[in-house]
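The next block holds one structure in the form of structure tokens; read it before the comments.
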Amino acid sequence: MANAVYPPYPPTLTQAEQEYLLTNLKDWSITHGLAVRPTSSYVTEDLDPARALATTAPVTLFPSLFPRSCFDQARAVSQAYSELYSAIAADEEWLGEIVKELLEIDDFIENLWKVHLAVKKEGYAQSLQLGLFRSDYMVHVSDRNSDSRLSVKQVEFNTIASSFGGLSSQVASLHRYLHSVGAYPEVTSSLINDASLQCSGSVPQLASGLAKAHQAYVESDKPNRPVCVLFLVQDVERNVFDQRHLEYALNTDHGVRTFRLPFSRVLEDTSLDQDRKLLYTPPSFSGKQWEVSVVYFRAGYAPTEYTSQRAWDARLHIERSAVIKCPGILTHLAGSKKVQQVLATPQSPHLARFLPDKLAADKLLATFAPIYPLDESEAGLEARKLATDPQTAQKYVLKPQREGGGNNIYRSEIPGFLQSLPKTKWPAYILMEMIEPPTQGNAIFRNGEVQSGEVICELGVYGACLWRDKVENEVVKGREVLENFEAGYLLRTKGAGSSEGGVAAGFGSVDSCCLLDL
Ligand code: ADP
Ligand code: MG
């Protein structure tokens, strides 16, 4: 049934047509920074010792088809999702109760919470916070033959290091360019046309979010030194051009100075003054100092980045400082899968606490797929039955409290995995119903090769949100939202047979939407 949703797609190309399309795709992508550093399996280190080469990011040859109603639905809830997650991050007591359940079974969550407690003891030095969020969805096909047969269901909500905003603007432009030079045969013109191809404003919008936070810092803290935004990055980053697009937009469109600081160098290159302002001394500027307005985390979200106490000291150092964090540690914690589960467990009462507007809450509710705890609550015991039975487990995915891809356990592997784990550790995971999006045909260009076949898509909608926390008796209780706007979209596409979808992790590709009315 699910397979019959889309018309036959994409058109078959002759060899000459495919060569024309690929030549244009390869040249356009490098010219416009739709690029990544190559993996060492594609270009070995001895061939590129200076790490100077770049290659086309994994992309689809054609823009994938996407139901217009679903695209609109996902965009329509973007601001409400930012409202929800900023409210959660500003409700320390509620979040604390959730985190408490994970403290003894998840070291990473425990350590993040400890950073929060340490800063709380001394008092937070900055009440402004920035979220550059991304809510990810797949199309769900319901059995009911009604008008709303197709809808989006949320895969996850990202509150830290939501990536690909840089490349997604580019890939939408690439597909538009390929269309304009006739790389898509005439027969597709009823599907691929100027009205159906969707641009993504993610570069200007995410940059605008960062610029607004920078501006708010400058206005409220009145620095008397040069000011910069710091991109906190991993030591080895293949997806560097994605980040560079945001840096260059900040520089060119907003006149904001940016620097890239590897997470491992935080304690070497930054210091705090007596007001806990974060000062950055770039090694390349012999002693010159910048005051930092915003630290934008594109690192620090995975346990593997915290291999020593020094890394935790670095995280604490930033959190203590008066810089605006994107995100702060409570917002990072608000993005854990456990929070998503608590909201989305059937009959959960929690959504109303954060979104009293019933209409807005109902729209969000419609995007939730069922998610269960694996603890000893009634819902948890029910979920344990579903997850340990090989038959029912087929419909589920098991997720730990992790980000960045490659951590989930799918379908038939769930029962065996749980058996290998002491039962006391089970509550560290959540059990989510698999969304089964309709498949369609497309081709992915990756590492110089074209792979054609059935694919499935995941739509991400970015949101930028700037707010000011209200602190009562040293507890964060509520906030005032200063900015909240949708910030473009991302489409990621992977082979229909693959469970994971991470582009950087080597499973998927970046894509853009060709909307169609279904
Ligand atoms: P991560 O934080 O590692 O990105 P996700 O929850 O996004 O974790 O899961 C990774 C990938 O697994 C997703 O991009 C998606 O392709 C797939 N996935 C996760 N949950 C579901 C689901 N409920 N239904 C279908 N696919 C899913
Ligand atoms: Mg994800």
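The backbone N, Cα and C atoms fix where each Cβ goes, and this holds for glycine too.
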One of Glu403, Glu413, Glu433 listed by TrEMBL as binding Mg(2+) at the site of Glu156, Asn158: Glu403
Rounded inter-Cα distance in Å - Pro400 (ATP binding site), Ala161 (substrate binding site): 18
Distance [Cα-Cα, Å, rounded] between Glu156 (Mg(2+) binding site) and Tyr301 (substrate binding site): 15
Cβ neighbour count within 10 Å of Gly406 (ATP binding site): 12
Whole-number Å value for how far Tyr301 (substrate binding site) lies from Gly406 (ATP binding site) (Cα to Cα): 14
The domain 'Glutathione synthase substrate-binding' (228-334), counted residue by residue under DSSP: helix, strand, coil: 46 helix, 29 strand, 32 coil
Under 8 Å by Cβ from Gln243 (substrate binding site), counting only residues of that chain that are 6 or more apart: Gly166, Phe231, Val233, Glu237, Arg260, Arg298
Cα within 10 Å of Ala161 (substrate binding site) - qualifying binding-site residues among Tyr410, Met434, Lys494: none
Residue among binding-site residues Arg238, Tyr301, Lys494 with Cα closest to the Cα of Glu403 (Mg(2+) binding site): Tyr301
